[in-house]
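*Asks:* According to Swiss-Prot:
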- C54-C69: disulfide bond (DISULFID)
- C61-C73: disulfide bond (DISULFID)
- C68-C77: disulfide bond (DISULFID)
- P65: 4-hydroxyproline (MOD_RES)
- S83: serine amide (MOD_RES)
- 1-22: signal peptide (SIGNAL)
Amino acid sequence: MKLTCVMIVAVLFLTTWTFVTADDSRYGLKNLFPKARHEMKNPEASKLNKRDGCYNAGTFCGIRPGLCCSEFCFLWCITFVDSG
């Protein structure tokens with residue numbers, strides 16, 4: 001019985017925490033879909049296609065592949081060249 005009460009309180013706490021820490025829980029989906037539709041009509045408008053601030057091949061990146069323009073990082077940004 002005690003375990004059940006603890007589980008119920010934990011679930012309620014986590015659910016409340018999720019809504020409290022959300023950026024915009026009221027109009028989040030309402031504003032999300034028009035933006036997505038706009039990006040489908042105009043792929044150039046997508047922020048995912050922009051790689052501002054990425055590092056070129058040969059630049060030190062540590063172990064974070066998101067820093068490289070080519071998305072391949074093994075201490076330095078790597079670009080694979082197709083020979084065929």
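The count begins at 1 with the first shown residue.
For all residues, glycine too, the Cβ spot is worked out from N, Cα and C.
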*Asks:* Measuring Cα to Cα, tell me the gap between C77 (disulfide bond) and C61 (disulfide bond) in whole angstrom.
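*Replies:* Here the two Cα atoms are 6 Å apart.
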*Asks:* According to DSSP, does C54 (disulfide bond) sit in a helix, a strand, or coil?
*Replies:* coil
*Asks:* In sequence order, which residues at least six apart in the same chain have a CB under 8 Å from the CB of C54 (disulfide bond)?
*Replies:* L67, C68, C69
*Asks:* If you count the C-beta atoms lying within 10 Å of each candidate's C-beta, which of the disulfide-bonded residues C61, C68, C69, C73, C77 ends up with the smallest number?
*Replies:* C69
